[in-house]
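Q: Mind looking over this structure? Questions follow.
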Amino acid sequence: MKTLYSLRRFYPVETLFNGTLALAGRDQETTGFAWWAGNARLINLSGKLLGAHVAHAGLIVFWAGAMNLFEVAHFVPEKPMYEQGLILLPHLATLGWGVGPGGEVIDTFPYFVSGVLHLISSAVLGFGGIYHALLGPETLEESFPFFGYVWKDRNKMTTILGIHLILLGIGAFLLVLKALYFGGVYDTWAPGGGDVRKITNLTLSPGVIFGYLLKSPFGGEGWIVSVDDLEDIIGGHVWLGSICILGGIWHILTKPFAWARRAFVWSGEAYLSYSLGALSVFGFIACCFVWFNNTAYPSEFYGPTGPEASQAQAFTFLVRDQRLGANVGSAQGPTGLGKYLMRSPTGEVIFGGETMRFWDLRAPWLEPLRGPNGLDLSRLKKDIQPWQERRSAEYMTHAPLGSLNSVGGVATEINAVNYVSPRSWLATSHFVLGFFLFVGHLWHAGRARAAAAGFEKGIDRDFEPVLSMTPLN
């Protein structure tokens with residue numbers, strides 16, 4: 001597609017050592033980008049860029065399917081998922097597939113089906129990617145105008161945005177349908193230690209749903225990460241799906257207003273930077289969610305949260321010492337505070353010791369022992385159930401600590417047990433990737449703004465050292 005400006009004026013050109021390493025239409029002369037700059041060569045070749053994106057989707061889905069089958073092949077039903085380094089099966093189990101009361105896996109066949117379906121899908125996507133990258137039309141504008149676009153066409157860009165929003169909304173509603181009609185989802189709060197159940201009484205009150213967004217991110221507030229019942233989670237997906245679909249329809253039907261046309265940079269690289277910024281935010285939120293939230297990420301599958309493991313240890317030793325005759329209500333610890341129980345700054349009865357910092361933890365194995373003023377002494381003396389003892393002992397010994405220095409009082413194992421919690425893996429990976437995406441957002445936003453302002457000239461090539469070197473070939 002011919003454009004009105006020279007590509008060289010807008011994009012800094014990296015000089016190839018060997019100008020012959022290129023395919024027609026994708027070489028440095030016609031695109032202004034060398035081979036290693038990847039999809040930048042395809043900025044104005046919508047057909048080839050489609051191929052790159054479809055092939056990328058194929059790689060993603062292939063990883064999902066292959067890793068899914070790998071986890072199924074290695075899965076041992078007798079051990080908890082979090083002891084086996086699994087990250088995909090816990091997601092499937094949370095959706096209610098293959099599990100029963102207490103999070104026990106009763107059928108691995110749904111996991112196998114999931115892996116195979118993803119592999120088959122990846123083959124279709126892979127074929128489409130190769131077809132559009134190598135055989136399909138270089139540009140879509142002439143043959144398929146609906147799928148064609150010009151990056152500067154603000155109306156077309158917001159139409160594409162609208163289509164994406166509708167697809168995201170449909171995705172949110174798929175979870176709602178699963179929870180309501182197709183077998184339900186796993187609820188860690190179900191009585192007696194968790195079970196799969198259909199969610200019947202959705203929370204649709206905007207005050208509750210949007211109240212999460214208005215909460216402080218700190219302490220006992222915890223912003224949206226503090227959500228602790230499935231009715232709110234599924235109701236939130238109803239709201240989110242509706243907003244995405246309505247917003248998508250809005251963006252398809254309307255053109256950007258004048259203030260939006262002025263405020264944004266309208267180029268391919270600008271859209272890339274916006275997308276990277278959004279993905280970065282997703283990564284940081286996912287990091288906090290998997291680290292702190294034991295409702296959307298049930299501890300039966302992902303292992304306990306850090307605060308949960310710490311509170312579980314305090315509970316385990318309270319149970320032990322109470323059996324040995326300790327009066328847990330009045331015993332003093334080495335600091336003069338309560339050894340087993342103390343009061344929070346606001347007067348609730350909480351666990352004593354170093355775990356006091358986690359006093360606002362909520363967990364399904366602990367909540368039955370709370371009364372109106374925090375932990376209830378009479379319940380701690382008479383009502384502790386065997387499943388609560390078993391679960392807390394299990395969680396105490398599976399803290400997601402890795403090699404953190406501050407362990408919240410958890411007695412760590414010096415003989416290096418080979419255990420890293422999936423919460424540790426998922427939280428750290430999403431934080432690191434979220435950070436990298438943020439850096440990419442800054443990088444591409446800076447380049448896009450410079451190009452729009454007209455002062456992106458690239459490096460002065462006249463004195464480039466490589467020009468005086470012998471060519472590689």
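Placed from the backbone N, Cα and C atoms, the Cβ positions cover glycine too.
Just lifted these from Swiss-Prot, have a look:
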- Thr15: phosphothreonine (MOD_RES)
- Thr15: N-acetylthreonine (MOD_RES)
- 69-93: transmembrane segment (TRANSMEM)
- 134-155: transmembrane segment (TRANSMEM)
- 178-200: transmembrane segment (TRANSMEM)
- 255-275: transmembrane segment (TRANSMEM)
- 291-312: transmembrane segment (TRANSMEM)
- Glu367: [CaMn4O5] cluster binding site (BINDING)
- 447-471: transmembrane segment (TRANSMEM)
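What's the neighbourhood like for each of these?
A: Sequence-distant contacts of the transmembrane segment (69-93) (same chain, at least 6 residues past either end, Cβ-Cβ under 8 Å): 99, 103, 105, 108, 110-112, 114-116, 119, 186, 297-303, 394, 398, 419-423, 425-426.
Sequence-distant contacts of the transmembrane segment (178-200), counting only residues of its own chain at least 6 positions beyond either end whose CB sits under 8 Å from a CB of the stretch, comprise 93-97, 99-103, 228-231, 234, 294-295, 298-301, 364-365, 367, 387, 391.
Sequence-distant contacts of the transmembrane segment (255-275) (same chain, at least 6 residues past either end, Cβ-Cβ under 8 Å): 43, 151-152, 154-155, 157-158, 440-445, 447-449, 451-452.
Sequence-distant contacts of the transmembrane segment (291-312) (same chain, at least 6 residues past either end, Cβ-Cβ under 8 Å): 80-83, 89-90, 93-94, 102-103, 186, 188-189, 194, 222, 225-230, 233, 351, 354-355, 358, 361, 363-366, 391-393, 395-396, 398-401, 407-410, 421-423, 426-427.
A simple way to gauge crowding: the CB of Glu367 ([CaMn4O5] cluster binding site) has 11 other CB atoms within 10 angstroms, across all the protein chains here.
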Q: Same-chain Cβ contacts of the transmembrane segment (134-155) under 8 Å, 6 or more residues past its ends?
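A: For the transmembrane segment (134-155), the nonlocal Cβ contacts are 1, 25, 43-48, 50-51, 255-256, 261, 266-268, 271.
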